[in-house]
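Below: the structure, in structure tokens.
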Amino acid sequence: MEQLVKEEWEKFSGLLSKLSGYTEAIGLLHWDLRTGAPRKGVETRSNTIGLLSGEIFRLQTSPEMGEFTKYFSRPEVMNQLSDVQNKIVKDCRKEYERSQSIPAKSYEEYSVLTAHAQTIWEEAKESGDFNSFAPYLSKIVAFTQEFIDHWGVKDSRYDTLLDMYEPELTVEKLDDIFGRLRSRLVPLVEAISASPNKPDKEFLAQVFPKEQQEKFGLFILGQMGFDFEAGRLDESIHPFATGLNPGDVRITTNYLPDNVTSAVFSSLHEGGHALYEQNISKELVGTPLAQGASMGIHESQSRLWENMIGRSRAFWHRYYGDLQQHFPEQLAGVEVEDFYRAINSVANSFIRIEADELTYNLHIIIRYEIEKLIFNEGLEVKDLPGVWNAKYQEYLGITPPSNALGVLQDVHWSGGDFGYFASYSLGNMYAAQILNTLRQELPEFEDLIAAGNLLPIKDWLTEKIYRYGQSLTPSQIIEQVTGEPLNPDYLADYLEAKYTELYQL
């Protein structure tokens, strides 16, 4: 690398480090808001987040950022950069062009609004009062529509939002993928509904003390390889993971006394996110690449650990005894096979995060279709509860009895995360395809789980996925790991095999 290019890169790295520092500070403030910040401090805290967000916006759209990305995009300079450096430049250029198109005042107002709206959403969810949240959501939708106008409409307005979370993805591609998946899952759900071989779940309808739930969750996180010197577990209304940097990754769960499996599987889920964040290469820290390849790839890791490992027969043959030790009275006389069947039972339910891994995908398709209606068809916020309930009746044959169990259940819209939900089902598809390769390259996969030796699995995933952060695109990751593009048939095959055996279809 020529001396001039090297010197310019060092200056550019200083700008990126400053952006990374502000982003980490905002992440910490958001984490604090959602884990117990005093209610009376919310407004001031939201303004602080808005101020810092404005500073990030100023740096992202600064003449310096424009000049740096322009300089490093010159062919004779690009040839002197590594693949990782060129990816950094490409991503920064994309963000520069996206951010520069938005008025700074609008972005700062939007940041304050979404920070405040998340607290309003929490209160609305508790009470089931959609009307108290609707004005905030309407403003968030209006800002998002404005931003789409500035960013430029792709094939459809919703495509513009999808690109933020899953680059290379379009409505056309998703409609095809979801259509193929739905055509195989709906008949499977119907066959299960008609099956007489229903598991007994009555033993789960007991009180499981919160303290013991927390102890078991911490134990399982340790077994997965979660580094407690680089992370922590807390409690929040909606479980989430925040990766401030690989040395500080914070996750939360929600303990329900009458639903022990909720916290168990949310801990596994958020733990999967955390393993990804904790094992990103240190070389990427301080750059935009120190994060997951995409939301879909990130979700593939949470879903892989939660479901394909955490709901497997081998996992519970190893860890059910530990769960019984934490809840000896509640699980006395309950055999491991009965527990395995109970936690894998299929039932149409109202709450997405508590859905089984089969019908979960239908929950996502519902949200995907509603978001398309909002941004492509102009569906108004006031009509969301009715449309939500109608979709649940259409897809799952049930109607939520309250907005708390319906349109208010997810935190995402309060933060403006439109276009995110599709990532969950994409994560399931990526996970199933990765699992297929994992089993081929680690033939002892099931034996490792049954022995409680999960670290070789974490190490394989680190080598193949985690360490790369965002230096590779989703398509590069999935093709490099599995040798082929995303194929939804792997998920359908996995679900059909598992549930055909479980329900004796």
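Using N, Cα and C of the backbone, Cβ positions are placed for all residues, glycine too.
Per TrEMBL, Zn(2+) is bound by His269, His273; the candidate from Glu283, Glu299 named for the same site is Glu299. Geometry remark: Glu299 (Zn(2+) binding site) versus Glu270 (active site, proton donor/acceptor), CA distance 9 Å.
A simple way to gauge crowding: the CB of Glu299 (Zn(2+) binding site) has 29 other CB atoms within 10 angstroms, across all the protein chains here. Apart from His269, His273, Glu299, the residues listed for Zn(2+), the same chain places the Cβ atoms of Ala241, Glu270, Gly272, His298, Gln301, Ser302, Arg303, Trp305, Glu306, Gly427 within 8 Å of the centroid of those Cβ atoms.
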